[in-house]
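S.K.: Shown below is the structure under consideration.
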Amino acid sequence: MSSVKVECVASEGFRIGESPVWDEKEGALLCVDITGRKVCRWSPDTKRVQAISLDAPVSSVALRKSGDYVITLGTRFAALKWKEQLITTITHVDKDKPNNRFNDGKVDPAGRYFAGTMAEEIRPAVLERHQGSLYTLFSDLSVVKHFDQVDISNGLDWSLDHRTFFYIDSLSYSVDAFDYDLQTGKIGNRRSIYRLEKEESIPDGMCIDTEGKLWVACYNGGRVIRLDPETGKRLQTVKLPVDKTTSCCFGGKDYSEMYVTSASDGMDKEWLSRQPQAGGVFKITGLGVKGVPPYPFAG
């Protein structure tokens, strides 16, 4: 096992850093600050972060096949043109729930954008429960709702054979799996494959590696954990110098680096003085595994 190294590459003090995505074309890492209402792009070459400010909480960003990006903004799926800093609404969801917003989102292997909603938090992880739903935006820009009664719609990814969809509803403290039909985008047969232990705290964002193992960022747990979805066993724990680890993705030239976002919302001065890198973006090297490149939205 190579030696694992964790370093803070962007100490941005994000309120809720989320949705890290590697943009191979730009050789840069995308992410969002949900409550800070901005989409960011960090370049390992310049070590600088560019940011676009938006008019609502922005909770996920994804690549788009035709160029630029798609985002989840408030309760909208929207298109983002980076250079022009132009936002175009694609469609609205949860119109009957003015207190809702999107949370995590990711594109499936067929180019569909999956994203779920939740009620706005009163304070971190405290909110009106069962208000969210899971949606898919198809390439023809139509939307399908899979199910509702979600607390905090979070981490998503697909197995390497594209037959299983993995999903996290954070307050269930469980990583779930569904049977997945790549042709239609339909999901079914939900089951729990891993229940978090007390010190792992709340499951948040998630990604998969080329060995088919899942990596889950543990909010308030200050770690990412590696899980075997077949056996339901935890294989590895990587601790970070911040408690509020929110999401993870692989990136870098050969997808051997892991990037982890974090949050600072809800931390008082004393807590922040103990964890000055809270809200930063971290790079983990030496894991000995690589990740799967992100899929672009086909619409």
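Every residue, even glycine, has its Cβ placed from backbone N, Cα and C.
TrEMBL does not curate its annotations; it predicts them automatically.
Quantities reported herein were computed from a predicted structural model and do not represent experimental measurements.
What TrEMBL lists as domain 'SMP-30/Gluconolactonase/LRE-like region' is 16-264. Annotation comment: TrEMBL describes Glu18, Asn154, Asp204 as divalent metal cation binding site. TrEMBL lists Arg101, Asn103, Glu121 with the feature substrate binding site. The active site, proton donor/acceptor annotation in TrEMBL covers Asp204.
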S.K.: With an 8 Å cut-off on Cβ-Cβ distance and a minimum sequence separation of at least 6, pull the same-chain contacts of Glu18 (divalent metal cation binding site), or say none.
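M.R.: Listed in sequence order, they are Cys31, Val32, Asp33, Ile34, Ser59, Ser60, Asn103, Asp104, Gly205, Thr246, Ser247, Thr261, Ala263.
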S.K.: Do you know offhand how many angstrom separate Arg101 (substrate binding site) and Asp204 (divalent metal cation binding site) by C-alpha?
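M.R.: About 16 Å separates the two Cα atoms.
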S.K.: So which of the binding-site residues is most packed in, judged by how many other Cβ atoms lie within 10 Å of its Cβ, out of Glu121, Asp204?
M.R.: Asp204
S.K.: Let me know the most crowded of the binding-site residues, choosing from Asn103, Asn154 and counting other Cβ atoms within 10 Å.
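M.R.: That would be Asn154, with the most Cβ atoms nearby.
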S.K.: Given the recorded substrate site (Arg101, Asn103, Glu121), which additional residues of the same chain have their Cβ within 8 Å of the Cβ centre, ordered by sequence?
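M.R.: My list of surrounding residues reads Ile34, Pro57, Ser59, Asn100, Phe102, Thr117, Met118, Ala119, Glu120, Leu127, Ile152.
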S.K.: Within the domain 'SMP-30/Gluconolactonase/LRE-like region' (16-264) only, compute the mean pLDDT.
M.R.: 97
S.K.: In angstrom units, rounded to an integer, how far apart are the Cα atoms of Asn154 (divalent metal cation binding site) and Glu121 (substrate binding site)?
M.R.: 14
S.K.: Is it possible to get the count of other C-beta atoms within 10 angstroms of the C-beta of Arg101 (substrate binding site)?
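M.R.: The answer is 23.
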S.K.: Which residues, same chain and not among Glu18, Asn154, Asp204, have a CB within 8 angstroms of the centroid of the CB atoms at the recorded divalent metal cation site?
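M.R.: Leaving out the recorded residues gives Ser19, Asn103, Asp104, Ile152, Gly155, Ile168, Ser170, Gly205, Ala217, Tyr219, Thr246, Ser247.
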S.K.: Rounded to the nearest Å, what's the C-alpha distance separating Glu121 (substrate binding site) and Asp204 (divalent metal cation binding site)? Just drop the number here, would you?
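M.R.: Roughly 15 Å, rounded to the nearest whole number.
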